[in-house]
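Structure first, then comments.
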Amino acid sequence: MGVVVLSAALAVLIDALGNVQRLTTGVLAITIAVVVAVLGRDDVTRPHVLLPMIWFGAVGLAQIAVINYQTPWSTNMVLVAILAPVAFATGSFLAGGQVARPKRPPPLGVLDSQRLRVLSLVLLAMGLFGLWLKVGILGSVPILSESIDTLRSAGGIRIPPYVTYLTDCLALAAWARMLRWGLHPGRPRVGDVLVIGIALAGVAASASRNTLLITLVVPLIFVYLAGATRTITPARSLAIATLASVVVLILSGLFFLRTAQHRDSSFESYFYRGVVAQTVVPLRPLLPVQVGLVAPFETLNRVTKRTHLVGSSPDGLYSLPGIPQPVSLWGPRADFYGLTGKLSSPYYFNVATFAGPLYADGGLELVVAAALVLGLMVGAARAWLLLRPTVARLAVMAYLTYFVGFLLYENFAAFYTTSMVWDVLVIAGGLAWCSKAAGASASEEQKGLGAA
């Protein structure tokens, strides 16, 4: 019944626009996403469930023409939209990615409270130092700037990778402090709230939607993986809905804050006068979500229509732009952002999903092969991590799960991927250091998220 209702609602919305291709694509994609979600509902974080569910759901919703950007899909685009998630899911399933989350929460009591405190303070100091360096390079705090986007790319300035790695420690500091708070759920402490608040404020200071998203979502994935949401009560359902709404509102608010600062540019002028003004106020917070769904797929569509571009860049590969050049094993890199910027003219959308750069380098064959290999790697990693699901392993799995979902909104493999690798190494090493000695008391060993 749910599939029928969703499909019918989408059909009405798209049919009103008179586009048969979008109507058919939207109904089929939403149906596939709902079926996958229902079949995999016991654990939607399994890679072969998560990516198809998010991917096809996004494909379906992206067919609703809220912004004037979509063009008819090419045959190759249709094939990429179908085969990329299928190849990834196949690889993940074959490699053991079907292993479900643990039935019981791992014991938080294996972590030493004082060491978590030290870890969070060290990470907070590193993060604030990184933010100080970033502000020094940019000349101002991005979130306080009158033109955030201009400041973030002023004069072609590029923030060195090590500065970004340092500022990532702000999110990790909040992570560590949340775990410490989880050890004493009945004893909220001013210090915990203060550290978490400063860390999150530091993250927000960079005015990056992607950084805010990973900071807010990864801890929620960790809680889900730990089994804290295995039993859904009305109170928990309300809490989940509230948290999801808060995340959407925060990210939507940042989108409007940044775009409103340059309303005269091509997209923003059209967006505010032709889209926002005609949308009822309660639905306006969802507009950035819709833009985020439409833009990557349509940009990928435009890449697939330029078959003469496939493998033709004399400057190197379009894929793997996030790997620092000094350590890259794949030689020079071509500017995929420059390519997509031209293809999306007169607007500027530079993300074409993880499949975009791969298609530009080797066409449909490379997309399918890379998706299959990536699925095998992610599936094998999940099988190993959940073989003995400790707190540290679930933390790593939370980041890996986020990476799978983020494939929709990242050119493979952009800088955010390498940044997540740094995050994983730091949090895994930090939690290993915080683990108690073998002589920890049995009572503490039994403390867990369930008690929280």
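Glycine is no exception: its Cβ is also placed from the backbone N, Cα and C atoms.
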Which is it, of 77-97, 266-286, 329-349, that TrEMBL names as transmembrane segment?
77-97
Here TrEMBL annotates transmembrane segment, and of 213-231, 403-421, 422-440 the range meant is 213-231
Outside the transmembrane segment (159-178), six or more residues from its ends: residues with CB under 8 Å to it:
116-117, 119-121, 123-124, 126-131, 133-134, 137-138, 192, 195-196, 199-200, 202-203, 206, 211, 214-215, 218-219, 324, 395, 415, 418-419, 422-423, 426-427, 430, 434
Six or more residues out from either end of the transmembrane segment (213-231), which same-chain residues have a Cβ under 8 Å from its Cβ atoms?
45, 101-106, 170-171, 174-175, 178, 200, 203, 240, 243, 247, 250-251, 389, 394-395, 397-399, 401-402, 406, 416, 420, 423, 449-450, 452
Are there three or more C-beta pairs under 8 angstroms joining the transmembrane segment (190-207) and the transmembrane segment (77-97), sequence spacing 6 or more?
no
